Every structure is written in structure tokens, then in C-alpha cells.
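Note sheet for the following structure.
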Amino acid sequence: MTMTANKNSSITHGTGGTKAPRETLSRSQSVSPPPVLYPPRSPIYPLSDSETSACRYPSHSKSQVLLKDRHSRNPSLLGQDPSPETSPPICTLKATSFSYLDRTPSLRKREDQKETVQGAVQDVEGVAACLPLAQSTPFLGAGSRSVLLSCTGTRAHSLGIREKISAWEGRREASPRMSLCGEKREGPGSEWSVSEGCPSVGCPSVVPSPCSSEKTFDFKGLRRMSRTFSECSYPETEEEAEALPGRDSLYRLEKRPGRTEPSALLRGHGIRKESSAVLSRIQKIEQALKEQPGRGLPQLPSSCYSVDQGRRKTGTLGTLEEPTGTASVSPSSRAGGVAGVAGEAGPPLDREGSASMKSETPGNSSSPQLLPPKSSPDPAVNPVPKPKRTFEYEADKNPKTKPSNGLPPSPTPAAPPPLPSTPAPPVTRRPKKDMRGHRKSQNRKSFEFEDASSLQSLYPSSPTENGTESQPKFGSKSTLEENAYEDIVGGLPKENPYEDVDLKNRRAGRKSQQLSENSLDSLHRMWSPQDRKYNHPPMQLSLKSNSQSLRSGNWSERKSHRLPRLPKRHSHDDMMLLAQLSLPSSPSSLNEDSLSTTSELLSSRRSRRIPKLVQRINSIYNAKRGKKRLKKLSMSSLETASLRDENSESESDSDDRFKAHTQRLVHIQSMLKRAPSYRTLELELLEWQERELFEYFVVVSLKKKPSRNTYLPEVSYQFPKLDRPTKQMREAEERLKAIPQFCFPDAKDWLPVSEYSSETFSFMLTGEDGSRRFGYCRRLLPSGKGPRLPEVYCVISRLGCFGLFSKVLDEVERRRGISAALVYPFMRSLMESPFPAPGKTIKVKTFLPGAGNEVLELRRPMDSRLEHVDFECLFTCLSVRQLIRIFASLLLERRVIFVADKLSTLSSCSHAVVALLYPFSWQHTFIPVLPASMIDIVCCPTPFLVGLLSSSLPKLKELPVEEALMVNLGSDRFIRQMDDEDTLLPRKLQAALEQALERKSELISQDSDSDSDDECNTLNGLVSEVFIRFFVETVGHYSLFLTHSEKGERAFQREAFRKSVASKSIRRFLEVFMESQMFAGFIQDRELRKCRAKGLFEQRVEQYLEELPDTEQSGMNKFLRGLGNKMKFLHKKN
């Protein structure tokens, strides 16, 4: 048996007449497949709004079951509220009679209806037997979707019908728990009525059920069932409808499969059982499609499943609200029986319809919908010739298809679109992208079903003046500006990563491949420390190789696989590539497939970007240290971490080593309290970027003392002149007095010479406030004949760029050789030149007699840290083991003194050792060549790095120097040391550092024929990469612990940063190293910088964070390891 209930039906009553009825429009829900009925031959015309009316009835009226018209626009009729004591008003449709009304008084009708209700069956499982209709039967228009539920009827016609239906019901194998009879009254004007219970006069169609004691029809339950479950019916094609002009056009009902054949009553009305079956219709449609696969869908009439043009212009969808005591049974628009409209009976909703459906609350409608057909090159059958039972929540609905039960998707009025004659084209959002460009990325629900092409235009990136692309505006307000590289943002891949998006087969089983470990871990590093979990991925993503990412319509699946929220700090390189791929960065729109594609693409780009030499260096560190780098830390564990865990003997550390570590920590803290707080060189350069290229240019000459046979250095030429006696000028005069000492640190050893090859060196001046100035010197013999004393050309600048000023000194030397008067105009034009940005070139116009006007181009390199560094000289003077000890002493900011015979050796080795500290900068006193007259500086209690000539060594030994490391560069030995230099660094990292430096020649030769970066193939590049990797291993995770305060300021989480490291030896090293001013200046620089270009270290850090594996132990392994540590500790104590 079948049962349907319509919530959008029209009530039409009228007096007799045989005119063809006018159709009424509504939406209906169905709980079972409706019968397939033949279309009427009479023309069907839709009603206009003026012809439609509706009546409202009280919810407590049990004697009359009526439904209002959903399309009524008559406010006067809608506002009526008749009392239960009076007969309900009758809705008329002009003069046209729609149904036959009983002429008995309304009181008689109510009495008959009460008798009908008494024997009704309460439960609804199956649904109503519908009687055949004549050709002129009303409600059979193609656009009609409603049938009247009424309890009115006459005793005259009901007796014979009761006998016939009783005979038909007697042939059933099982009696349904409840039946609902749609009855057709014979007469000039026919009327449909549905009554409950067998003893009713109005509907003697069903045998009473044992559970028919209740007298009230539960229309609420019927609403709930009809809203929840539905089996859709599919009307016949137009060809079949046209093929039946001569047949009897009675509509007939076909029962569900598994039930008995139609009753004798249906046969009595001339119904053909076999030809009208749903199965036969389906078979014919399938056969027609198989014979002509290219023909596509059969063209449906304009009145099928929708209103025609005249109606569509004025009609609106009915609302979902309905009086409590009303219900309806509706025929399918094409089938004409008691059934709902098929789910695919109509084109996909337009943009407005889709938006209104998304805004619908889950409580409004939980209407099911059909699954989309399997993807195939041929267009899908519309209607699909195979009904399916589905259930979906409202949030899961696909707005591209109509609800299968025909209910309006939302209470918002909207005109249903007509059914197109051809399949709908793929939906593209390109023309509308400007209309919704203002929407925020968090509000992505309306973009769930976008195609990839529209997503690629959501976040267009704009080129900046540097030639790179600016980061789009994402949901989070702040990003990690320190990752704004100028040199690593690559081009967009030519291939489209969304070419293989499967738009239809979204419910098929996922043929998955697991996200690679590196790609998945790279996503971990993009999260904030609070969100990041090192123990497991956020979800075990089951990812398809062919990404079907962006049109996954099942929102409940997406919610169950939701990723953790991305942090405010994204890697700029990741975000730039995401912008290029047009992937949104909001959590609701990054699903697993897009992450798979993006992560693999990111890792592949970065693996290509890492030079082979760097990969070999990294492999050495990985082999020595292992895979585990960071451990899982929650905020509670950071606060309650015990000292026992910090100092447990898990790495064979002895008590003596722990005591030495504690003493070292106390020593560096006490020493740094006495040292002034210096600022980083980078911050100083930021303040001077708008100033001149250099501060002073001086010429220093040796003058003989009158009383002695010795020479003293003096400034013989100065540019510019210090005219105004301001405070800055007085400080500049003090510096000028010290400059000659650094230009001639060995002045007492000089005598006039006839020949001398020019020598270039540099020094650094550190002010009381920590400001630094570089001195670039060229020592040479002036023009003339005979023995003479050399002189030094010196340029004082805040810019640390040795190559640029070497070119300036070459030009000065050339002009000085012609005439000293030519130096002044050149230096003036140079001072008026702008301060060059990294990688930029400035042009200086000069005039030279005999050569005319000239243009001198001065280029500042992108990275000048290795420009004036010669590691070859450093390895010539020192062994690898000695160099690592010196490096460790400098990291802990100890006092270091170099001693050498030559000025150039001291200068080269001092600058090279400081360059090993990159990305950190030495914050304390740094004098590559200390004049003998200033040797007392080595007695100061603060850290320093100074170089002394061998002639000053006897005096040095007499001075009361505190703890310091004295290195003789000529003999490769330590003059004085502290005996713990081998234990300052983590032992595994120290072993990797030593091995990589020992194999430097082998590593360079392996890459000599490769096409990798030329900079890395040099000795300077290799040594720099080896030490950079050391810092990456120790502090490379610092960016994960830079948080933003409410004011937008950055703050570094020191304890969380240190305790996140898995290795205890590295944690102990960090505990001391984090007290240094080098580390403080490094973090301060990262906290204060806004948007600046990054160097090599940030690139290597990003690559390192992608390599981090997920190695958090399980609870049992952690327990066993802790137990082993305790046993070892007790064993050592005993």
C-alpha cells in the first residue's frame, strides 16, 4: 500500500460541471513510490495568482481536513480563522467547478466524518489506495501536485466502493497497519477524498486494523514521516505519453514490488495491469537510452515538473509553516496519483535557490535527496529511472539538485525554474567572482561547491616593487613577516593540480595514498605551539591520488575530517604558494585532498631548491644525531616539568659534568651582568639606511717624534671637516683620535722604506652604546722617490661591505697617484650618493683629467656576510679540533685572544671566526688588530675578541688577564685555556660538525661538476653551511615559539622553546647559550622586525622544519624509558 502526504496542497471545492479543471501548483512529499499514471488528453493551463485562493483552518478541527494553497497571495483569505462550530469557508476558483460538493448540510457532513474517524487506523506504514480517474478528472494537470484530503462523502456512492475495495483488500497477503484511501467520487464534477477508518461513510475502502481504536488522525506524525523518508516515482517520458492517444486514459495505481497484484476493482475499471507498471516504463526508458546513447535525455513537456512561463513569472514557493491539524495527499505532477515529485524533476537550482537552501536551518526540512548518478560521458537520465531511498541531514544537501520529496528548500519565496530541454551545463562561478570578492575567507560555506577555476581567482596576488608577490589577506590578521623572503618565492608550476578533480564521483570509495611523512609534518610546523601535537597527525588522512578536493558536497564528512586551525604565523613560502595555487587558508576550506596536493608540491619544490652539498651536510648531521628533534609539550607539562627530568642521566652524563654545567651557567650570568647591553648590527643598519654611505674618510701618516727616533700615526687629511662643535662632533673627534692607532697598530716598528706592496685590512670600532663602525684601510707608499714612510687611506662606515669599499679605495688610490686634489671631489660625490639596498647598485659620476666624465658603479651584494671572509687562512692556521673549541668558547661569550706575526693574518682569522657565528652577531668588544698602546683592554672583565701581534706577547703575559682563551695562530696551539672547551657543545652535534669539516675537500669535489649553486661549491660556502646547520639543529625551531600579544607585539616563549628539544645535552647547551647577548639580540631582532628580506638561515630553518619527523613515544615506551633511567641512576649512586 502507498501513502503520501502533501504539505503544500490546495483545497478546491465547487459545484458540478464537466469543464476541464485548471491546475494548481504545490510541492509535496512522499513516503513511497507513486503510481505511474497516464497523462490527460485535455489541455492543461496553469492558474494565475488571481485564480488561486487558500483557506486557513484551526488546528483543533478534527472533522474537516483541509489544506491551504501554498501559492495563495490573497491576504484576506489567509487571514480567515473560522470557528469550529461553523462550516469552513469554501475556496472557489472563479466560476469553474473543481469538484463535486455534497449538497447535504454541513452538519450532516461533520457527523459522517466523525463516523469515519472512529474506525481509522492510526499508524502509517504504507499508503493509500488510489482509485482510477476519468479523463476529465481534476488535479491531473501536468503541473498539479496536490490532491484533496477530505472526510466528506456520501453514503450513496460509498457502499459499492466499500464492497469492491473490501474484495480487493481481501486479496492482500498482509494487512497494513494503516491505510489511507484516496477516493474519486463519480459524478459530473469529481472530488477526491481521503478518509481514515473503514466504517466511515466517506471512505469505505479499507478493512479496519486492530489498532484503529483511536479516532484522531495523527497528521504531525504523517508530517514527520513524509519529511524523513521518501521513495521517489518517475513519470513517463513524453514519447510514451504521445503514444497513447487512443487508449483509455484512466489513471491507475501500481502497487510496490513485493505486494500482490492489483485488485478486482482496478480490473473492473478497465485498467491494464502490465502495461502501466513502473517496471515496464523503466525498462522502456532504459532500452531507449541503450539504443540511442547519443540522443541524451528525452525532451519533457514544458508543463512537466514545473509551471510554464506564465505561471513562473508570478508564482512563488509556498512556505513551510502549516497549521497543526492539516495534511494533504498530492499526486505527482506527471503521474497524477497519490505520490510525490521525483527528486530530479527539475533543473538544478540557480544561485538564489542555492543560497536560500544553504541558509535553511536543520529544523526546517530534512528532506532526502537522490544520490547523483555515476559519472559517465553521457548525460544522466532525468528523471533517474531507479528510485532509491536516501536520508540526509539538511547540512548535507547538494544545492545542485532539488529535494526528492518536492518540498521547497526554505521559507524564502523563490520561483521554481523551468526544466531545460538539454542537460544543464557545468556550473562556473567566474562571472560572479567580483560579486562575492568581499566575503571573508572564514565564511566559506557558500563556496563549498565551487569549481577549481573559480577558486584560482579568489585570492589574486599582486606583484610588489621587489618583483615578488605580496601575501594575500587571509583570515588571520597577522602572518610571519620574518619569512618574507625575497629570493625563494618560486614561479607557479605549469601543470594544473586540479585537472583530475572528480566532480561527480564524490561518494565513491576513496582510493587513497597516505600523505608522505615529510609533507604531513610540514603541515604540523605551520601550526601554533598550542595547536601543534607532536605525538600524532591531526587525523589519519585517507587521500586520493586524484584530488577531488574542492567539490566535496558532504559537509558532515568535511566536519568529521576537519583540520586543526592554522595559526596566525604561516610560513611565507607556504602562503605564497598557496596563494598561487588559489587555495584558501581558512580551516573550513582546506580539506584533505587539497592539503595532499599542496604539501607534496611544496616539498617537491623545496627538495629541488636545496643544493646537493647542503643535502650531504644534512645527512651527516642526521646520521650523528638521529631523527628525534622535538618532543610533545603541552602548556601544563611546560609549567610542571621537573628538574629530575631535566637532569636525569639518560645520555651517560656524569655528576661532574652536571656540576660543570651549573658553574658555567652561573659564570656567564654573572659576567653578562657587568657587560653593557648591545644592539644587533641589523638594527643599527636599519636606522642608517636613509643616511650617507660613509661617515669619514681620513688619510693617516706617520710622523716622527722630536725627542725620540720613533713615529706616531696622525690624521693628515680628513673629509668632511668637523666644523660645528656639537655633541656628535665631539664624539666623532674622540673616534678620530682612536682611528690612527688602528691604522698603524705597529707604528713603533716602522722605518722609511723604498718599496712596499699595498695591503688591505679592516677593523671595527664599538661605541659605549654598542654602536659599531667598520674601518676599511689601504696601506701603501705615497708617490715619490727614495725611502719614505707608508700612509693609510681609511673609510669609516656603518655598512659592513668589504668589496664595495675596496672598490672605493682602488679609485682613491688611482686619483691620489695623479694628484691629492682629485680625491676631494670624488669623495664628495660619493657621500651624496644614496645608501644602497641589498642587491642594488648606485652610480657615482666623477670627472678625471685626461679621461673626462666617468661613472663608477657600486653594488651592494644580497648577502655580504662572507664577502671579506677568508676561511682558507683560518684552516691554514688552525686544525678542525682547535677551531671547534674556539667556536664553542665564542658561543658562550668568553674572552678570546689571537696572536699572529702578520697584520693580515690577524685580521683575516678574526673576521672569519666571527663569520662562523652567523646568524648571530658578536655583541662585545671586537678588535681584529689591537694596537700595542691599547693592550690594557685585555684586562677588562667583559667578553672580547682581540688580535695581537707577536711583538706584544711578552707584555701580554705580564698582565693580570682573567679567564681567557689565548690562541697562537702561527703554531696552532693554545697559550692559555680553561680545559672544558671540548664539553661546551652537545657531543653528537660536535661530532657531526667535526666530521663535516674534516671531509670538506671531499664534499666540494663531489659537487664540482654538478649544476648546483656556485656559492656552495666554494670553501667559504661549505664551511658556512656546516655551521649554519649546527644552529638550525639547536635553535631552528625558534619561530614556532614566537607568539603575538593583544597589542600585536611579538613575544618569545623561552622555556617552551628550550623544553621542546628532545635531547637533554642540547637543552643544557641552550640553557647557557640563551643567557648570552648574542641570542638575546637575535630574538630581539626577530621580535621587532616587521617586513624584511630574509637570508640564508631562514631558508635552511624552513627546510629543517619540513624534515622534522613525528617521533613522540607511546605512553608505555615512555614509562619503560623512565624506569630504565631510574635504574641507571640508582646503579651509579651505588
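Backbone N, Cα and C define each Cβ position, glycine as well.
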Look through THR324, THR479, THR597, THR983 and state which residue has the annotation phosphothreonine in Swiss-Prot. THR479
Identify the region 'Disordered' range according to Swiss-Prot, selecting from 633-658, 997-1022. 633-658
Looking at THR228, THR237, THR390, THR710, which is the one Swiss-Prot tags with phosphothreonine? THR228
Check the candidates SER32, SER376, SER410, SER528 against Swiss-Prot and report the one noted as phosphoserine. SER32
Looking at Swiss-Prot, which of SER50, SER453, SER571 is flagged as phosphoserine? SER571
Position flagged as phosphoserine [Swiss-Prot], chosen from SER63, SER542, SER1063: SER542
Same-chain residues at least 6 apart in sequence whose Cβ lies under 8 Å from SER619 (phosphoserine): none
Simplified DSSP label at SER619 (phosphoserine) comes out helix
